[in-house]
Amino acid sequence: MVATNRCCVFALLFALLLVHSLTEAGKGKEILGKIKEKIIEAKDKMKAGWERLTSQSEYACPAIDKFCEDHCAAKKAVGKCDDFKCNCIKL
């Protein structure tokens with residue numbers, strides 16, 4: 001009789017542990033999903049900031065000629081920095 005009760009207690013504890021593990025796994029997926037969303041949002045913000053910066057290449061022109069070149073290439077032109085100003089020359 002005692003052995004049967006111990007077996008039932010262990011089976012009950014095992015079932016509770018299994019249910020608990022499954023619910024925690026669900027929460028884990030939820031947390032990982034939230035982390036993934038935050039990473040995607042951060043990537044999108046960085047990409048938008050980079051695009052905004054390259055679209056305003058005249059601000060970066062004295063430091064990096066490449067910004068002017070990329071800005072004008074998007075307009076299908078050739079870019080050149082002259083005295084803090086990005087000049088786009090159509091081909």
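Placed from the backbone N, Cα and C atoms, the Cβ positions cover glycine too.
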Legend entry - Recorded disulfide counterpart of Cys86 (Swiss-Prot; options Cys8, Cys68, Cys72): Cys68
Legend entry - Candidate in Cys8, Cys61, Cys88 joined to Cys72 through a disulfide, as Swiss-Prot lists it: Cys88
Inset, instruction - Work out the three-state DSSP category of Cys72 (disulfide bond). - result: helix
Inset, instruction - Determine the most Cβ-crowded residue among the disulfide-bonded residues Cys68, Cys72, Cys81, Cys86, Cys88, using a 10 Å radius around each Cβ and all protein chains in the structure. - result: Cys68
Legend entry - Chain residues outside the signal peptide (1-25) and at least six past its termini with a C-beta under 8 angstroms from it: none
